[in-house]
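Marked as disulfide bond by Swiss-Prot: Cys56-Cys77, Cys63-Cys82, Cys67-Cys84. Feature annotation from Swiss-Prot assigns domain 'BetaSPN-type CS-alpha/beta' to 53-87; the stated evidence is sequence analysis. Residues or ranges marked as signal peptide by Swiss-Prot: 1-19.
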Amino acid sequence: MERKLALLLFLGMVTLASCGLREKHVQKLVALIPNDQLRSILKAVVHKVAKTQFGCPAYEGYCNNHCQDIERKDGECHGFKCKCAKD
């Protein structure tokens, strides 16, 4: 039962992360899980999923929106990651 709950939480967090929610929002959900090895694993997985930015090649304008949201700069897709314009 505990594995099923952990898997359900994990899939829910991955879904939320891939829907445009930022990592900090999903990590707040991870904080609700009791402090143990499972929590550490979920935090690491959410961090890795958030870094890959799957929406980059799939959605036109994703990187521009992402960079405007976090740095107020224009952005472009570079592989599976967004690159924000330098000053």
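Every residue gets a Cβ built from N, Cα and C, even glycine.
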If you count Cβ atoms within 10 Å of the Cβ of Cys63 (disulfide bond), leaving out that atom itself, what do you get?
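Step by step: centre on the Cβ of Cys63 (disulfide bond), count other Cβ atoms within 10 Å, giving 22.
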Rounded to an integer, what is the Cα-Cα distance in Å between Cys63 (disulfide bond) and Cys77 (disulfide bond)?
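For Cys63 (disulfide bond) versus Cys77 (disulfide bond), the Cα atoms are 6 Å apart.
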Inside 10 Å of the Cβ of Cys56 (disulfide bond), count up the other Cβ atoms and send me the figure.
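Cys56 (disulfide bond) is surrounded by 19 other Cβ atoms within 10 Å.
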Please average pLDDT over the domain 'BetaSPN-type CS-alpha/beta' (53-87) for the predicted structure.
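Summarising the domain 'BetaSPN-type CS-alpha/beta' (53-87) by its mean pLDDT gives 82.
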According to DSSP, does Cys67 (disulfide bond) fall in a helix, a strand, or coil?
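Its secondary structure by DSSP: helix.
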Would you kindly give the Cα-Cα distance separating Cys56 (disulfide bond) and Cys84 (disulfide bond), rounded to the nearest Å?
12
Same chain only, sequence gap of 6 or more: which residues have a CB within under 8 Å of the CB of Cys77 (disulfide bond)?
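The answer is Cys56, Pro57, Tyr62, Cys63, Lys83.
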